[in-house]
Structures are given as C-alpha cells and as structure tokens.
C-alpha cells in the first residue's frame, strides 16, 4: 500500500535521478529504517500489548540523543542527560510491567531495539546529508529497505490465500492508516503548521493508541506501564520545552 502511494507521487511529481555513489548510504539508511525496524517491531508487536508497544516507540528520541553522543561525539546539556536517564527508567518500567512485574519480556526488548534502529537511522540521515529532495529521499530509502524483505515474499501468495479475511483486512488497514494516510496527513500538517508546534501533537500518540487498545482490544494496561509511559513522555516534553520556547 505504501509503495503504491509512493508510485502515485512519483508519477505526479517525479523524483531526482539516483546517483550511484549514494547507493551504499541509501542502502544503509533503508536497512535501519525499514528492514531492521520492521522485522523487529512486527515480531515484537505480536506478543506485546498495543499500549506498551506505542509507549516504547516514543523512546526513539531518547536513543537518537544517546547514539549522537556515543557515535558522533555530539555535546548535550546536563538537562538532556537527566531527561534521557528518566526516559530510560520509564522504558524499563514498561518492559518489565507489560505482563505484570517480573523479568523483561524479550519481545518488549525487540520494540526497544526497533527504536534504537530508528535512532541510528536519524543520526546517519543527518551524517550522510545526501542532496535529494524529501520525496526522492523517502522513495529511495523505502525501496532499498524493502529489497531485503523480498526474501520473505516467496510464500506470500499462499499465505494470503490461507489467512483469514480478518488477517488480510488488518494488513490492508495497516497499509492505509499508519503508512499511506499518515504520510499524507503529516505532510499536509507540516505545510500548514510550524514543526515546533506540530511535533507537540506527537505526544498524543500513546494516549490515542492506549484509548484504542482499551476500547477495541479490551486491554488493561498495568500501573507500571502507565507510570513508565508518563515518565517517557514527560522526559521528552521537558527535554524539548526550552528549545520550543526559544524558537517560538
């Protein structure tokens, strides 16, 4: 569904031609943002509650900062370090308390690893600084990242035929709402609203996901998961609060 959406955009607007010297960089970006991220998160989400998964996904900015410091020696303030530590404590609570207090679930850790993969992607994207417009970059990264996933497509036709209609419909809805429609709506928002204001609404994502999970999946998040979510989102809000006031 996402590829069909990108194809329509390419037909309408066109993209910049690919430079062969950029292929390795685009392949690396595609690997972390598409291949590895989707393998990890799609596996983990089968065994982790929707509430915990949505909360853990919000830890991406925390790992982005950590990676920028460890790999690219970026300097960050004491306040940001404190926010990172608070956010990581929140992530530990979510991982440990998803199915009752105990040892962290290995599947919850897969969601965390998916967030780390995206943290690597954001840092490498900035590091490579490739000279393409946004649409061209999005297309090439997604296409390169999808190539390794074709390994799993050998049995796809038979899987579709033998799957229930509910399962097939779920895949279609995943392609429409979190992928294609999300790209369209986010692009529209960024055209009509400053990024500093628009990004505030991303903190509503766990709340919306939690509400949908409770209503449609009858999930009952534990107090540890809720507390961890509050700590993660709170640490991110605090981390960016001063920056937003300065910019605005």
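Here, residue 1 is simply the first one shown, and the rest follow in order.
Including glycine, each Cβ sits where the backbone N, Cα and C put it.
Residues 47-72 are the range that TrEMBL records as transmembrane segment, among 21-46, 47-72. Only residues 6 or more beyond the boundaries of the transmembrane segment (201-217), in the same chain, are considered here, and those with a CB under 8 A from a CB of the stretch are 49-51, 53-55, 57-58, 189, 229, 233, 236-237. In this model, the domain 'EamA' (4-95) carries an average pLDDT of 83.
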